[in-house]
Amino acid sequence: MRITEILALFMVLVPVSLVIVAMFGYDQGNGFVQASRFITMEPNVTSSSDDSSLVQRDQEQKDSVDMSLLGGLLVSGFKKESCLSRYQSYLYRKASPYKPSLHLLSKLRAYEELHKRCGPGTRQYTNAERLLKQKQTGEMESQGCKYVVWMSFSGLGNRIISIASVFLYAMLTDRVLLVEGGEQFADLFCEPFLDTTWLLPKDFTLASQFSGFGQNSAHCHGDMLKRKLINESSVSSLSHLYLHLAHDYNEHDKMFFCEEDQNLLKNVPWLIMRTNNFFAPSLFLISSFEEELGMMFPEKGTVFHHLGRYLFHPSNQVWGLITRYYQAYLAKADERIGLQIRVFDEKSGVSPRVTKQIISCVQNENLLPRLSKGEEQYKQPSEEELKLKSVLVTSLTTGYFEILKTMYWENPTVTRDVIGIHQPSHEGHQQTEKLMHNRKAWAEMYLLSLTDKLVISAWSTFGYVAQGLGGLRAWILYKQENQTNPNPPCGRAMSPDPCFHAPPYYDCKAKKGTDTGNVVPHVRHCEDISWGLKLVDNF
């Protein structure tokens, strides 16, 4: 019986062993089973599923990179740790409804190459700077590199919008933009261009003369026009010209916006510019720029929105201020409302008229709910009804913040929304030259740009920056005149772009005054300043 069982077991095991050997084979050289033939016998479901996950993950990473580069507006290659905001900002704001045109992207890539070739530290830059040291005799040769230098001037909001304008001009005229500002500027903003710098070197030949540049300077464009010292012949021997385009410029300075003068400026290697204006609207009225600008910006009212997001990335120090505050006070809200309050002619304290105007605006426009009265205030909202709105207030004082905070703490709202009022700082007054003041100002502008809806004050470049970066059509609190409340208290902006506060009113061809807000449909008068100019669409 025992022998029979052993034979039966042997008869079963031998065929099975032969089948296994036939299927797998055996490599005597390395002792490993050859499984290649076996692997092809049936599909590996797990492997296919993993491949699908990898493809999906790769696509998500690709989409993430594309979002962080703002639809091609930015380029990769920067060290992420050197400028966290460049790669993280998209996580804090909704995707822009405005897409940069392919022509704008092409112009930006071409400019980046120009800046890399001609920027500080290159042989071309050194040769071009030598022209400033030579005696001005004969024609100047700058080896194809020309420059426009932005002089540090005015408050931070004005600086940001004016630099964007100068950069646009640089792209239109194939010049390299260099900005004065030194360490403080570098403390606020990351470098926008890869493998180069946009900061004017401290030892720049003319830097020591900047404080003396003015409307009566020997090389001032406007003054030379006034004295009839500038023409096609004389300009060819100039190494530089000073352009005074600040709010107080005169009729001769404003000739900068004429075609004839642009033709003269083409031949000057160095243009030194002082401006605190967003003068882009008037560039659209120069015939030689018109077609190019139209291709760069099919949506005319998005010039600062695109250029601002391209140029201005908060430094790591400022980005820390932004992200810490956002996470602490804004991240969990169902809706974020920005409220930028700037009262220019109020000596001190809180104005009851301004308070009334603010409350009327936010409630009439359904940005914040009205207060509940009577029996209704005792009804508790359900979980579904409960909605948190976080209001970010920016102001030099705390008065308006305290009023709103108390109002929405002590009273329920008719919508049962819970309203949180927050204010990051209250500096008392503008302190342009203080580093921490500017850090906070830049952080607050950026925080406002991250909100879903925004209210800004008339005339304020602080608000313009926030509106433009966010691509928002803000509600503008109209400026009070003769101590009376405007009716309506606020109105919606026509586009996200800033207002040009001091435009020229001159027809260069006819050589006479004209209303430059009625020349083309996309350059209109501003909502908050009747004489200002603004780029708009479909109005």
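Any Cβ shown, glycine's included, is placed from N, Cα and C.
Feature annotations, reproduced from Swiss-Prot:
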TOPO_DOM  1-5  topological domain 'Cytoplasmic'
TRANSMEM  6-26  transmembrane segment
TOPO_DOM  27-539  topological domain 'Lumenal'
CARBOHYD  Asn44  N-linked glycosylation site
CARBOHYD  Asn231  N-linked glycosylation site
CARBOHYD  Asn482  N-linked glycosylation site
CB contacts for Asn231 (N-linked glycosylation site) [other CB atoms within 10 A, all chains]: 11
Asn482 (N-linked glycosylation site) versus Asn231 (N-linked glycosylation site) - Cα distance in angstrom: 47
Other C-beta atoms that fall within 10 angstroms of the C-beta of Asn482 (N-linked glycosylation site): 4
DSSP three-state assignment (helix, strand or coil) for Asn231 (N-linked glycosylation site): coil
Mean of the pLDDT scores, which run from 0 to 100, over the topological domain 'Cytoplasmic' (1-5): 49
Coarse DSSP state, helix versus strand versus coil, of Asn482 (N-linked glycosylation site): coil
